[in-house]
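K.L.:
Sharing the features that Swiss-Prot gives for it:
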- K15, L16, S17, G18, G58, R62, T165, Y171, D174: ATP binding site (BINDING)
- 23-28: region 'Involved in allosteric activation by GTP' (REGION)
- G57, D77, T138, G139, N140, P141, F142, F143, T144, T145: UMP binding site (BINDING)
Amino acid sequence: MTTNPKPIYQRILLKLSGEALQGSEGFGIDAKVLDRMAQEVKELVELGVQVGLVIGGGNLFRGAGLAEAGMNRVVGDHMGMLATVMNGLAMRDALHRAYVNARVMSAIPLNGVCDSYNWAEAISQLRQGRVVIFAAGTGNPFFTTDSAACLRGIEIEADIVLKATKVDGVYTDDPVKNPDAVLCDKLGFQDVLEKELKVMDLAAFTLARDHKMPIRVFNMTKPGSLRRVVMGEQEGTLIS
């Protein structure tokens, strides 16, 4: 049952992990998962919600792992940024096939492949009802795509950052290791820091906190969950 006839958010920043796109595959992009996610985003656009997207790159490349093996961290992070561009292009294509207008904006210039990130242009595109996919993270090494999601969310003045994961939200403890772990409905930023709960990395989290950007962590593998979040139904954990 929908509690609100209209969406409670006008503009959102949706953060998808790269792993979410690989579905049951061990690597790469699962076309079925990609198309399902594109359909869920399409539903939001049809509701009149403006959607900014940040996608991770972990399904294609993990810089941290190779850094441990001796690769220069900056090089690894640059490769990771390019992985997010590949995911962004795949998502744009899936959205176009679903008849949704979408643009990819990269934090590093890639002429002929996608647009370079431009704040004013991004706002203009969102207002026109286009989905804007922000690729290549922040454009800087040592910053995660969670940091990019919070940064872009703050820049475009989104109402909320929605972090789509494989778990139902934030638990009091690791639910895999501790069967008594409880799912939290609402948390304050300070609660998360004091209890050291895993929401996102500290740089991203403190950026959101300092700019009073609420975050909702929810399970996107459940069909319809994204729509439920936007319609104001209880789904996942709200941090504000």
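Each Cβ is built from the backbone N, Cα and C atoms, and glycine gets one as well.
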K.L.:
Provide, as an integer number of angstrom, the distance between the C-alpha atoms of G57 (UMP binding site) and S17 (ATP binding site).
P.N.:
7
K.L.:
Could you give the mean pLDDT over the region 'Involved in allosteric activation by GTP' (23-28), rounded to a whole number?
P.N.:
87
K.L.:
Same chain only, sequence gap of 6 or more: which residues have a CB within under 8 Å of the CB of D174 (ATP binding site)?
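P.N.:
Listed in sequence order: A181, K198.
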K.L.:
Using Cβ atoms only, which residues of the same chain lie under 8 Å from S17 (ATP binding site) while being at least 6 residues apart in sequence?
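P.N.:
Sequence-distant Cβ neighbours: I55, G56, G58, T145, A164, T165, K166.
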K.L.:
If one looks at the chain holding F142 (UMP binding site), which residues at least 6 apart in sequence have a CB under 8 angstroms from its CB?
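P.N.:
Once residues fewer than 6 apart are set aside, F142 (UMP binding site) is near R73, D77.
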K.L.:
In the structure shown, which of the binding-site residues N140, T144, T165 has the fewest other Cβ atoms within 10 Å?
P.N.:
N140
K.L.:
I want to check the contact list for K15 (ATP binding site): same chain, sequence separation of six or more, C-beta distance under 8 angstroms. What comes out?
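P.N.:
The list for K15 (ATP binding site) reads L53, V54, I55, G56, T145, D146, A149, V161, L162, K163, A164, given in order along the sequence.
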K.L.:
In the region 'Involved in allosteric activation by GTP' (23-28), how many residues does DSSP call helix, how many strand, and how many coil?
P.N.:
0 helix, 0 strand, 6 coil
K.L.:
Excluding near sequence neighbours, so keeping only residues 6 or more apart in the same chain, what lies with its CB under 8 A of T138 (UMP binding site)?
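P.N.:
When sequence neighbours closer than 6 are ignored, T138 (UMP binding site) has A107, S147, A148, L151 within Cβ distance under 8 Å.
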